[in-house]
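Notes follow the structure.
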Amino acid sequence: MQNPTAATLYSQKQIPIGLKNTIDKTLSEYLKDEKLASYNIDNLKQIIEDSKINFNIKTIKWDEDGSEKSTSAEVASILGMILTFIIYMFIIMYGGMVMQGVMEEKTNRIIEVMISSVKPFDLMMGKIIGIGFVGLTQVFLWGILTTVLVSGSLFFFGGNTSPEDMVAAQMAAQGVNNVAAGSSDISIQVQEIINSINFGMIGTSFVLYFIGGYLLYAALFAAIGSALEQQEDAQQFMTPIMLLMAFSLYAGIYSMNNPDGPLAFWCSMIPFTSPIVMMVRLPFDIPVWELALSFALLFATALLIIWFSAKIYRVGILMYGKKPSIKEMIKWVKYK
(Lines of atoms letter the chains of each structure in order from A and count residues from 1; the text may use other names and numbers.)
(Lines give C-alpha, C1' and ligand atoms only; values in the text may rest on other atoms or scores of the structure.)
Protein backbone atom coordinates (compact mmCIF):
# COMPACT_ATOMS: atom_id res chain seq x y z
CA MET A 1 0.00 0.00 0.00
CA GLN A 2 2.93 2.36 0.54
CA ASN A 3 4.12 2.03 -3.04
CA PRO A 4 1.45 0.25 -5.13
CA THR A 5 3.08 0.77 -8.51
CA ALA A 6 3.63 -2.73 -9.90
CA ALA A 7 2.39 -6.31 -9.92
CA THR A 8 3.61 -9.51 -11.55
CA LEU A 9 1.29 -11.80 -13.49
CA TYR A 10 2.48 -15.33 -14.24
CA SER A 11 1.04 -17.44 -17.06
CA GLN A 12 1.85 -20.53 -19.11
CA LYS A 13 1.24 -18.60 -22.35
CA GLN A 14 1.33 -15.05 -23.65
CA ILE A 15 -1.11 -12.81 -21.79
CA PRO A 16 -3.59 -10.98 -24.10
CA ILE A 17 -3.44 -7.20 -23.82
CA GLY A 18 -7.17 -7.05 -23.09
CA LEU A 19 -6.79 -9.31 -20.04
CA LYS A 20 -3.74 -7.36 -18.84
CA ASN A 21 -5.61 -4.05 -19.12
CA THR A 22 -8.65 -5.45 -17.28
CA ILE A 23 -6.53 -6.68 -14.37
CA ASP A 24 -4.59 -3.41 -14.33
CA LYS A 25 -7.79 -1.36 -14.18
CA THR A 26 -9.36 -3.54 -11.47
CA LEU A 27 -6.30 -3.50 -9.22
CA SER A 28 -5.74 0.22 -9.75
CA GLU A 29 -9.30 1.05 -8.69
CA TYR A 30 -9.04 -1.22 -5.65
CA LEU A 31 -5.69 0.22 -4.53
CA LYS A 32 -6.96 3.75 -5.10
CA ASP A 33 -9.96 3.12 -2.83
CA GLU A 34 -7.76 1.52 -0.17
CA LYS A 35 -5.32 4.41 -0.20
CA LEU A 36 -8.14 6.96 0.09
CA ALA A 37 -9.57 5.02 3.03
CA SER A 38 -6.17 5.08 4.78
CA TYR A 39 -6.41 8.89 5.19
CA ASN A 40 -9.37 8.45 7.58
CA ILE A 41 -11.24 11.44 6.15
CA ASP A 42 -15.00 11.11 6.07
CA ASN A 43 -16.51 11.04 2.58
CA LEU A 44 -13.09 11.69 0.97
CA LYS A 45 -13.99 9.68 -2.12
CA GLN A 46 -17.25 11.59 -2.53
CA ILE A 47 -15.42 14.90 -2.08
CA ILE A 48 -13.00 13.97 -4.85
CA GLU A 49 -15.84 12.91 -7.13
CA ASP A 50 -17.72 16.15 -6.44
CA SER A 51 -14.61 18.20 -7.27
CA LYS A 52 -14.50 16.85 -10.81
CA ILE A 53 -15.98 19.23 -13.38
CA ASN A 54 -16.88 18.87 -17.02
CA PHE A 55 -15.60 22.10 -18.60
CA ASN A 56 -16.54 22.95 -22.19
CA ILE A 57 -15.40 25.95 -24.21
CA LYS A 58 -17.91 27.50 -26.59
CA THR A 59 -16.27 29.16 -29.59
CA ILE A 60 -17.74 32.22 -31.32
CA LYS A 61 -16.58 33.71 -34.63
CA TRP A 62 -16.96 37.40 -35.46
CA ASP A 63 -17.93 38.11 -39.05
CA GLU A 64 -16.85 41.25 -40.89
CA ASP A 65 -20.20 42.89 -40.13
CA GLY A 66 -19.74 42.24 -36.41
CA SER A 67 -22.28 39.43 -36.18
CA GLU A 68 -21.52 36.39 -34.06
CA LYS A 69 -21.70 32.74 -35.09
CA SER A 70 -21.11 29.61 -33.07
CA THR A 71 -18.27 27.48 -34.40
CA SER A 72 -16.80 24.10 -33.59
CA ALA A 73 -13.10 23.31 -33.85
CA GLU A 74 -13.98 19.63 -33.75
CA VAL A 75 -16.35 19.88 -36.72
CA ALA A 76 -13.83 21.95 -38.71
CA SER A 77 -11.05 19.47 -37.96
CA ILE A 78 -13.15 16.45 -38.88
CA LEU A 79 -14.31 18.09 -42.12
CA GLY A 80 -10.74 19.01 -43.02
CA MET A 81 -9.45 15.50 -42.39
CA ILE A 82 -12.27 13.92 -44.40
CA LEU A 83 -11.44 16.14 -47.38
CA THR A 84 -7.73 15.41 -46.92
CA PHE A 85 -8.19 11.65 -47.02
CA ILE A 86 -10.60 11.87 -49.97
CA ILE A 87 -8.24 13.91 -52.16
CA TYR A 88 -5.28 11.75 -51.07
CA MET A 89 -7.06 8.54 -52.07
CA PHE A 90 -8.43 10.02 -55.30
CA ILE A 91 -5.02 11.22 -56.51
CA ILE A 92 -3.41 7.85 -55.78
CA MET A 93 -6.30 5.88 -57.26
CA TYR A 94 -6.79 7.81 -60.49
CA GLY A 95 -3.10 8.57 -60.93
CA GLY A 96 -2.43 4.85 -60.66
CA MET A 97 -5.11 4.21 -63.27
CA VAL A 98 -3.28 6.53 -65.67
CA MET A 99 0.01 4.69 -65.19
CA GLN A 100 -1.64 1.29 -65.50
CA GLY A 101 -3.45 2.31 -68.69
CA VAL A 102 -0.28 3.64 -70.31
CA MET A 103 1.65 0.48 -69.44
CA GLU A 104 -1.10 -1.78 -70.82
CA GLU A 105 -1.21 0.10 -74.12
CA LYS A 106 2.55 -0.10 -74.40
CA THR A 107 2.72 -3.80 -73.50
CA ASN A 108 -0.07 -4.72 -75.94
CA ARG A 109 1.58 -2.67 -78.70
CA ILE A 110 -1.65 -0.72 -79.15
CA ILE A 111 0.31 2.46 -78.74
CA GLU A 112 2.22 1.84 -81.98
CA VAL A 113 -1.03 2.05 -83.94
CA MET A 114 -2.37 5.04 -82.03
CA ILE A 115 0.86 7.02 -82.26
CA SER A 116 0.70 6.96 -86.05
CA SER A 117 -2.37 9.20 -86.07
CA VAL A 118 -2.14 11.09 -82.77
CA LYS A 119 0.66 13.18 -81.32
CA PRO A 120 2.22 11.71 -78.15
CA PHE A 121 1.31 14.82 -76.15
CA ASP A 122 -2.33 14.65 -77.25
CA LEU A 123 -2.43 10.94 -76.46
CA MET A 124 -1.04 11.45 -72.97
CA MET A 125 -3.35 14.37 -72.19
CA GLY A 126 -6.34 12.49 -73.58
CA LYS A 127 -5.77 9.66 -71.13
CA ILE A 128 -5.12 12.01 -68.21
CA ILE A 129 -8.19 14.15 -68.92
CA GLY A 130 -10.42 11.15 -69.62
CA ILE A 131 -9.62 9.45 -66.33
CA GLY A 132 -9.76 12.84 -64.61
CA PHE A 133 -13.35 13.33 -65.75
CA VAL A 134 -14.21 9.97 -64.22
CA GLY A 135 -12.77 11.22 -60.94
CA LEU A 136 -14.60 14.54 -61.17
CA THR A 137 -17.86 12.72 -61.82
CA GLN A 138 -17.39 10.77 -58.62
CA VAL A 139 -16.48 13.96 -56.76
CA PHE A 140 -19.67 15.67 -57.97
CA LEU A 141 -21.79 12.67 -57.01
CA TRP A 142 -20.31 12.76 -53.54
CA GLY A 143 -20.88 16.52 -53.44
CA ILE A 144 -24.55 16.10 -54.33
CA LEU A 145 -24.95 13.43 -51.65
CA THR A 146 -23.27 15.69 -49.09
CA THR A 147 -25.52 18.61 -50.06
CA VAL A 148 -28.60 16.46 -49.62
CA LEU A 149 -27.42 15.28 -46.21
CA VAL A 150 -26.56 18.81 -45.04
CA SER A 151 -29.87 20.19 -46.33
CA GLY A 152 -31.69 17.40 -44.54
CA SER A 153 -29.83 18.20 -41.34
CA LEU A 154 -30.74 21.89 -41.61
CA PHE A 155 -34.39 20.99 -42.18
CA PHE A 156 -34.37 18.53 -39.30
CA PHE A 157 -32.81 21.06 -36.92
CA GLY A 158 -35.12 23.84 -38.03
CA GLY A 159 -33.32 25.25 -41.02
CA ASN A 160 -36.37 27.29 -42.08
CA THR A 161 -36.61 29.04 -38.69
CA SER A 162 -34.40 31.97 -37.75
CA PRO A 163 -32.33 31.68 -34.56
CA GLU A 164 -34.29 34.59 -33.02
CA ASP A 165 -37.61 32.83 -33.57
CA MET A 166 -36.22 29.63 -32.17
CA VAL A 167 -34.97 31.46 -29.05
CA ALA A 168 -38.39 33.08 -28.56
CA ALA A 169 -40.12 29.75 -28.97
CA GLN A 170 -37.71 28.22 -26.52
CA MET A 171 -38.36 30.92 -23.90
CA ALA A 172 -42.13 30.59 -24.35
CA ALA A 173 -42.02 26.86 -23.86
CA GLN A 174 -39.44 26.86 -21.07
CA GLY A 175 -41.97 26.67 -18.30
CA VAL A 176 -43.92 23.92 -20.06
CA ASN A 177 -41.29 21.54 -21.32
CA ASN A 178 -37.65 21.90 -20.27
CA VAL A 179 -36.58 18.97 -22.42
CA ALA A 180 -37.99 20.58 -25.54
CA ALA A 181 -36.30 23.86 -24.62
CA GLY A 182 -32.94 22.15 -24.25
CA SER A 183 -33.43 20.43 -27.58
CA SER A 184 -34.21 23.77 -29.23
CA ASP A 185 -31.01 25.27 -27.79
CA ILE A 186 -28.98 22.41 -29.23
CA SER A 187 -30.75 22.90 -32.57
CA ILE A 188 -29.73 26.56 -32.66
CA GLN A 189 -26.10 25.73 -31.91
CA VAL A 190 -26.00 22.98 -34.53
CA GLN A 191 -27.52 25.27 -37.15
CA GLU A 192 -25.08 28.08 -36.34
CA ILE A 193 -22.11 25.70 -36.54
CA ILE A 194 -23.26 24.42 -39.93
CA ASN A 195 -23.89 27.97 -41.17
CA SER A 196 -20.43 29.07 -40.01
CA ILE A 197 -18.80 26.72 -42.53
CA ASN A 198 -18.41 28.16 -46.02
CA PHE A 199 -19.34 25.04 -47.96
CA GLY A 200 -19.35 26.90 -51.28
CA MET A 201 -15.74 28.04 -50.92
CA ILE A 202 -14.61 24.70 -49.55
CA GLY A 203 -16.36 22.74 -52.32
CA THR A 204 -14.97 24.96 -55.09
CA SER A 205 -11.47 24.83 -53.62
CA PHE A 206 -11.70 21.06 -53.27
CA VAL A 207 -12.52 20.65 -56.96
CA LEU A 208 -9.73 23.02 -58.03
CA TYR A 209 -7.17 21.34 -55.79
CA PHE A 210 -8.27 17.96 -57.04
CA ILE A 211 -7.82 19.09 -60.65
CA GLY A 212 -4.44 20.69 -60.00
CA GLY A 213 -3.11 17.88 -57.83
CA TYR A 214 -4.43 15.22 -60.18
CA LEU A 215 -2.88 16.85 -63.27
CA LEU A 216 0.46 17.18 -61.49
CA TYR A 217 0.68 13.63 -60.20
CA ALA A 218 -1.10 11.97 -63.14
CA ALA A 219 1.48 13.49 -65.51
CA LEU A 220 4.25 11.96 -63.40
CA PHE A 221 2.45 8.61 -63.36
CA ALA A 222 2.04 8.77 -67.15
CA ALA A 223 5.75 9.46 -67.61
CA ILE A 224 6.65 6.50 -65.40
CA GLY A 225 4.18 4.21 -67.16
CA SER A 226 5.54 5.14 -70.59
CA ALA A 227 9.09 4.18 -69.61
CA LEU A 228 8.23 0.75 -68.19
CA GLU A 229 6.72 -2.49 -69.42
CA GLN A 230 6.21 -4.44 -66.19
CA GLN A 231 4.32 -3.37 -63.10
CA GLU A 232 7.12 -4.72 -60.91
CA ASP A 233 9.60 -2.27 -62.41
CA ALA A 234 7.55 0.72 -61.27
CA GLN A 235 8.55 0.37 -57.62
CA GLN A 236 11.84 2.21 -58.11
CA PHE A 237 10.11 5.26 -59.59
CA MET A 238 6.95 5.13 -57.49
CA THR A 239 8.69 5.11 -54.11
CA PRO A 240 9.73 8.82 -54.12
CA ILE A 241 6.24 9.88 -55.21
CA MET A 242 4.49 7.75 -52.60
CA LEU A 243 6.85 8.99 -49.87
CA LEU A 244 6.07 12.56 -50.89
CA MET A 245 2.34 11.93 -50.72
CA ALA A 246 2.69 10.13 -47.38
CA PHE A 247 4.59 13.14 -46.04
CA SER A 248 1.78 15.38 -47.32
CA LEU A 249 -0.79 13.29 -45.46
CA TYR A 250 1.14 13.34 -42.18
CA ALA A 251 1.77 17.08 -42.57
CA GLY A 252 -1.97 17.53 -43.02
CA ILE A 253 -2.72 15.52 -39.89
CA TYR A 254 -0.21 17.59 -37.92
CA SER A 255 -1.59 20.83 -39.36
CA MET A 256 -5.03 20.00 -37.99
CA ASN A 257 -3.81 21.09 -34.53
CA ASN A 258 -2.14 24.27 -35.81
CA PRO A 259 -3.56 25.25 -39.23
CA ASP A 260 -1.73 28.60 -39.19
CA GLY A 261 1.67 27.21 -38.17
CA PRO A 262 4.84 27.27 -40.31
CA LEU A 263 4.54 23.64 -41.44
CA ALA A 264 0.90 24.08 -42.43
CA PHE A 265 1.64 27.33 -44.29
CA TRP A 266 4.64 26.15 -46.29
CA CYS A 267 3.18 22.74 -47.10
CA SER A 268 0.03 24.47 -48.37
CA MET A 269 2.19 26.57 -50.70
CA ILE A 270 4.46 23.80 -52.05
CA PRO A 271 2.60 22.41 -55.11
CA PHE A 272 3.41 18.76 -54.38
CA THR A 273 1.86 18.94 -50.91
CA SER A 274 -0.68 21.78 -51.15
CA PRO A 275 -3.63 19.76 -52.57
CA ILE A 276 -3.59 17.57 -49.46
CA VAL A 277 -2.47 19.93 -46.69
CA MET A 278 -4.67 22.85 -47.77
CA MET A 279 -7.77 20.68 -47.33
CA VAL A 280 -7.13 20.67 -43.58
CA ARG A 281 -6.77 24.47 -43.47
CA LEU A 282 -9.81 25.39 -45.57
CA PRO A 283 -12.45 25.07 -42.79
CA PHE A 284 -10.39 27.46 -40.62
CA ASP A 285 -10.91 30.55 -42.82
CA ILE A 286 -7.45 31.09 -44.28
CA PRO A 287 -6.63 34.46 -45.93
CA VAL A 288 -7.68 34.85 -49.56
CA TRP A 289 -4.16 35.79 -50.69
CA GLU A 290 -2.79 32.50 -49.35
CA LEU A 291 -5.44 30.57 -51.23
CA ALA A 292 -4.79 32.50 -54.46
CA LEU A 293 -1.01 32.08 -54.19
CA SER A 294 -1.38 28.37 -53.51
CA PHE A 295 -3.63 27.94 -56.57
CA ALA A 296 -1.21 29.89 -58.78
CA LEU A 297 1.81 27.87 -57.69
CA LEU A 298 -0.06 24.58 -58.03
CA PHE A 299 -1.34 25.10 -61.56
CA ALA A 300 1.91 26.69 -62.78
CA THR A 301 3.85 23.69 -61.48
CA ALA A 302 1.28 21.27 -62.92
CA LEU A 303 1.79 22.80 -66.39
CA LEU A 304 5.57 22.51 -65.98
CA ILE A 305 5.30 18.87 -64.91
CA ILE A 306 2.99 18.11 -67.84
CA TRP A 307 5.55 19.58 -70.25
CA PHE A 308 8.34 17.62 -68.53
CA SER A 309 6.35 14.36 -68.57
CA ALA A 310 5.32 14.80 -72.21
CA LYS A 311 9.00 14.91 -73.19
CA ILE A 312 9.59 11.61 -71.40
CA TYR A 313 6.34 10.10 -72.68
CA ARG A 314 7.08 10.65 -76.37
CA VAL A 315 10.40 8.77 -76.08
CA GLY A 316 9.56 6.15 -73.49
CA ILE A 317 6.32 5.01 -75.11
CA LEU A 318 8.26 3.45 -78.00
CA MET A 319 11.15 2.07 -75.92
CA TYR A 320 11.07 -1.70 -75.43
CA GLY A 321 13.29 -4.30 -73.82
CA LYS A 322 15.13 -1.98 -71.45
CA LYS A 323 14.45 -0.60 -68.01
CA PRO A 324 15.67 3.01 -68.04
CA SER A 325 17.25 4.76 -65.09
CA ILE A 326 16.10 8.10 -63.74
CA LYS A 327 19.24 9.69 -65.19
CA GLU A 328 18.41 8.33 -68.65
CA MET A 329 14.81 9.54 -68.41
CA ILE A 330 16.05 13.04 -67.64
CA LYS A 331 18.14 12.87 -70.82
CA TRP A 332 14.98 12.14 -72.81
CA VAL A 333 13.69 15.58 -71.88
CA LYS A 334 16.52 17.14 -73.89
CA TYR A 335 15.70 15.17 -77.06
CA LYS A 336 14.21 17.22 -79.87
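Every residue, even glycine, has its Cβ placed from backbone N, Cα and C.
Those TrEMBL annotations? Automatic predictions, nothing curated.
Summarising the annotation, TrEMBL assigns domain 'ABC-2 type transporter transmembrane' to 4-310.
Among the features that TrEMBL reports, transmembrane segment is placed at 75-99 (among others).
According to TrEMBL, the feature transmembrane segment maps to 128-157 (among others).
The feature transmembrane segment is assigned by TrEMBL to 206-225 (among others). Residues of the same chain lying 6 or more positions beyond the ends of the transmembrane segment (206-225) and with a Cβ under 8 Å from any Cβ of it are 83, 87, 90-91, 94-96, 98-103, 106, 124, 127-128, 131-132, 135-136, 139, 234, 237-238, 241, 245, 271-272, 274-276, 278-279, 282, 295, 298-299, 301-302, 305-306, 308-310, 312-313, 316, 329.
Feature annotation from TrEMBL assigns transmembrane segment to 237-257 (among others).
The transmembrane segment annotation in TrEMBL covers 263-284 (among others).
Away from its own ends, the transmembrane segment (291-310) comes close to residues 120-121, 124-125, 205, 208-209, 212-213, 215-216, 219-220, 222-223, 268-272, 274-275, 278, 333 of its chain (Cβ-Cβ under 8 Å, at least six residues beyond either end). Annotation comment: TrEMBL describes 291-310 (among others) as transmembrane segment.
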